[in-house]
Protein chains: 2
Amino acid sequence: MRTSIATVCLSGGLVQKMYAAAEAGFDAIEIFEPDLIAAPQSPEEIRALASRLGLTLDLYQPFRDAEGVDEAAFGDVLHRAEAKFRLMQRLGMDLMLVCSNVGTATVDDDEVSAGQLRRLSDLAATYGIRLAYEALAWGRFVDDYRRSWRIVELADHPNVGICLDSFHILSRGHDPKQIEDIPAEKIFFLQLADAPALSMDVLSWSRHHRLFPGEGSFDLPAFLGHVLRAGYDGPLSLEVFNDTFRQTDPVRTARQAQRSLRWLADRTAELLGEEAGPLPRLPEVTAPEAFDFVEIKAADTSGVEVLLEQLGFDFGGRHRSKQVRLWTWGSARVVCNDVPSASPEPHIAAVGFDVADSDPAAERAARLMAPPVHRRTYAGEQALRAFTSPDGTEVFLSHAEDWIGEFDGGVSRPDGNAARIDHVNLVQPWHSFDEAVLFYTSVLSLTPQPTQEVAGPAGLVRSQVMSSPAGGVRLPLNLLPNGQQGQAQHFALACRDIIEVVAAARERGLRPLKVPGNYYDDLVARFGLADDLVATLRDLDLLYDRDADGEYLHCYTETVGEVFFELVERRDRYDGYGAGNAPVRLVSQAG
Amino acid sequence: MRTSIATVCLSGGLVQKMYAAAEAGFDAIEIFEPDLIAAPQSPEEIRALASRLGLTLDLYQPFRDAEGVDEAAFGDVLHRAEAKFRLMQRLGMDLMLVCSNVGTATVDDDEVSAGQLRRLSDLAATYGIRLAYEALAWGRFVDDYRRSWRIVELADHPNVGICLDSFHILSRGHDPKQIEDIPAEKIFFLQLADAPALSMDVLSWSRHHRLFPGEGSFDLPAFLGHVLRAGYDGPLSLEVFNDTFRQTDPVRTARQAQRSLRWLADRTAELLGEEAGPLPRLPEVTAPEAFDFVEIKAADTSGVEVLLEQLGFDFGGRHRSKQVRLWTWGSARVVCNDVPSASPEPHIAAVGFDVADSDPAAERAARLMAPPVHRRTYAGEQALRAFTSPDGTEVFLSHAEDWIGEFDGGVSRPDGNAARIDHVNLVQPWHSFDEAVLFYTSVLSLTPQPTQEVAGPAGLVRSQVMSSPAGGVRLPLNLLPNGQQGQAQHFALACRDIIEVVAAARERGLRPLKVPGNYYDDLVARFGLADDLVATLRDLDLLYDRDADGEYLHCYTETVGEVFFELVERRDRYDGYGAGNAPVRLVSQAG
């Protein structure tokens, strides 16, 4: 099947949008009328450009307030439509989107709407144009695809069919299953959009919060499954707009869109149990269940190495050809990379995910248009597969056994408290948050958990955890408040007995982030903890959380450059991150 | 009456919040518990600081999930409460907010809730503490102030009363009139918050979108009127949090809060027809019905002067002591101010509003804590009254007759098309938008019109017009999309015959902003205009709008530095701004 994107999805002028769509590999575009009106190019020039770029112009949209009106008003509709039909001829286009009436409808009668659509179709036919009628979720009378289909059936004209838009259907909670009852040849067009679970008026929801499939809460694979079972074989087109990517680079947004479609098509084929999907299938990759390593980069990482040693890491050796040192503690591996040209502040530059067979994983990432990372390797060294994630952090698909031999001179002591990396917390700039959710969903097959909000002294931080099925990989993505940048990233090390670990670390000079005394007074009120436990927590600056599944003890190091560390102990089946303690941490860090 | 603010309203740490509240003139604060928990200071230190700052600690909040629970759970509530009562003693506090149960309520029975509140009050009484019970709009069972009042009546304990919060009452559409039936001595506390008209779940609405009174859509003066009629004489306290000022300077937010309360108290007294209000009355000032002047400032304003001359302005003279030149056209006055040290790009530095008697207007502004502007004046020159608005633009309360004599050497030709300033469009950074609405509402008595959204090539622009009753002053405030800055400001000149004016201006070399040909093709389809009118519009790059009230013809100049001009002709009673044409303008300006 062909892929298409509406120009309203992309920022910039029409020509810029067309270049972006073509570059991302789309076959077609929908022309959003205001984009054409504001463009300095003539319709003929746009048509010629599309042809040069290999894009077909599949849908002209939207034509509003066409039916359900009185006869006088319908005369104006025909006049307005004919001007647009002539314009479409100049563009070489033959399909127009007609939305259900929002503004001018006065007649709530299927026969009337059908009769007017039929007359509009008669006129359209003389220009060789077909009409795709769509029920908007906020249509005055027609706001349900089942009703718009009934009207199309009544209109009974070869030049009118239906347009299905997942947002308009799923936002209203309408069951998409009945799509399967619509004859394929009457489904003229398909528009796909996801959205977060929000409870707000559907028009604002649509206007500000649509997302690409895989970024929100709608079950798009199930939706597309119904459309495919109906026999639809037209373009898969995205119509998505929100406050974020109206203003981001259109080339980047177009690639994100294409990634979304490829992921969706693959998931849908999987759901339908079909070998061939609507788009070429992707190599199947199970989600990694462990972090392979974290890389810290800076002009000088020695401050981080002091911290690592205090925490309990062992020196794991020097890389044989690069200014890179490995630190290990149990299965936790941290690579410190001194790069004179890098940002001088230590930061998390890369995260390795433990992937037993990196070839299909890398092939999948490439097919999902993840930008590859190239690092120089020398003879005998493992060329690791890596891609750049939306926030710039490099994602490695790796396996320690393949590369650890390149490090010489390390030591490793047995340690009953041997740690592993529990989670890596990546702070996202506002414009790459949703894109990051799609990236980790599609490329690594991680699953987004429900979003949470945490109050800090300078605003709410939105947090969404991406995790593997067994919880071996946990990747909280934090969205900073409006206008803020550069909060530190961190990663957490899980150990068996945090009290023992922190006590020993303090002997080695570690100074955990200071926790205020009022916090411990509140702990007593909230949880009724034993006095000696509270005294220990207070003494070691440990934070505490408890829920029905278990307990969570944790503490933070001070921040070095743009990174800090967390130590955690999960008791029983505690599955959270101590979110209730985040305000205390954020205030102490701001302190 | 006393003024109070909840610490949750302000960003930063608790001590920083307290300093900000004191500096803005508040008498008291509500302590938001998480602020205390995260503070490194002990309760005793906070108490001592409050005393030093002259702040009383009027409300400890919130205590959650206290009633409507089973007996086992209620034991935990008493345990938890007692720890907080002890803490409040250390703080020297005697009033605690108890919210209706959101999380743990299992018993939907007024008698049970009342009985539990009574037992909690018994315990509180032993610590000399009183409880203010509040119905949250999203309470599990109790979500209406009338029900919380019934429960307080049933509890019948001297240590339990009601807390009224305007948001929880007005967001649910509950009639505040019945507040008057509550005995004054049982209204223990009053929290005030405004909010924009939104249709979304009330919890998100509350968490992200509360505003200070005067910034949103609730009728706070009417609300407060009911509370005052009930006889309440406790503090007027603000409990407002939103995504914006959680992260702005707390001192600035506190001043905004104090301004809001003073305005609200004054409006309420006016509404009740009372000479003495709950706070000292403000000098009454009617809204200005004309702009007095606009000032353009730059290192070199000559590029703007070329434009003004092309548009039809006459040179109005040089200021006798400053590098300032006046340009006039009818009643439109533009002052060009060359300031070597200023931002080199021409920008709108000040707007003068025609105020016949500037003394009470300036007194009102000062009482509303508008920051005064000081400009050097020489002997014999008028010292104009001016204040800095939230976005930094200076607002002058002036009257041309008072200052125009300081300009020498001007000319002024009769012109049948003599213009006036129709509107001044000020682009607001995201953090000062709501504050600007309150500023112009309170200081200048302008009225906010409903907000609109306009799609540009780089995101949605939110626009709200502040206007005078007769429409003589129109001040559209535009909020830029997330993360964007520095879009140009502009002001519009209304003339009688724009076609004549633009034709003449082109003769003088003016090149209006180019409008794409597709726009005119669409005009024909939309409005069915006569061919010769469309040809003229196309020839002169004029934009067109029409609604039930009349027609609007307008065009834009190119941008010079950070400013551009609009020419408009309003036909009949057209009252808009051609919002439908904004996307075309924005794309053309983006080039």
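Placed from the backbone N, Cα and C atoms, the Cβ positions cover glycine too.
In the record from TrEMBL, residues B:His423, B:His490 bind Mg(2+); the candidate from B:Glu551, B:Glu558, B:Glu562, B:Glu566 listed for the same site is B:Glu566.
Binding of divalent metal cation is annotated in TrEMBL for B:Glu134, B:Gln191, B:Glu239; the matching candidate from B:Asp109, B:Asp110, B:Asp156, B:Asp165 at the same site is B:Asp165. Around the Cβ of B:Glu134 (divalent metal cation binding site), the number of neighbouring Cβ atoms within 10 Å comes to 23. Compute the center of the Cβ atoms of B:His423, B:His490, B:Glu566, which mark the site for Mg(2+); besides them, the chain residues with Cβ within 8 Å of that center are B:Asp422, B:Val424, B:Asn425, B:Pro476, B:Phe491, B:Ala492, B:Leu493, B:Phe565, B:Val568, B:Tyr577. In terms of DSSP helix, strand and coil, the domain 'VOC' (B:420-558) has 46 helix, 49 strand, 44 coil. Residues B:Leu97, B:Cys163, B:Leu164, B:Ser166, B:Phe167, B:His168, B:Phe189, B:Leu190, B:Leu192, B:Ala193, B:Ser237 surround the recorded divalent metal cation site, their Cβ atoms falling within 8 Å of the Cβ centroid of B:Glu134, B:Asp165, B:Gln191, B:Glu239, which are themselves excluded. There are 22 other Cβ atoms within 10 Å of the Cβ belonging to B:Glu566 (Mg(2+) binding site). Taken residue by residue with DSSP, B:Gln191 (divalent metal cation binding site) is part of a strand. Cβ neighbour count within 10 Å across all protein chains ranks B:Glu239 highest among the binding-site residues B:Asp165, B:Glu239. Remark: B:Gln191 (divalent metal cation binding site) has B:Ala6, B:Glu30, B:Glu134, B:Cys163, B:Leu164, B:Asp165, B:Ser166, B:Phe167, B:Ser237, B:Leu238, B:Glu239 as non-local neighbours, by Cβ distance under 8 Å and separation of at least 6 in sequence. Neighbour list (B:His423 (Mg(2+) binding site), Cβ cut-off 8 Å, at least 6 residues apart, same chain): B:Val465, B:Arg474, B:Leu475, B:Pro476, B:Phe491, B:Ala492, B:Tyr577. Counting Cβ atoms from all protein chains shown, B:His490 (Mg(2+) binding site) has 22 others lying within 10 Å of its own Cβ.
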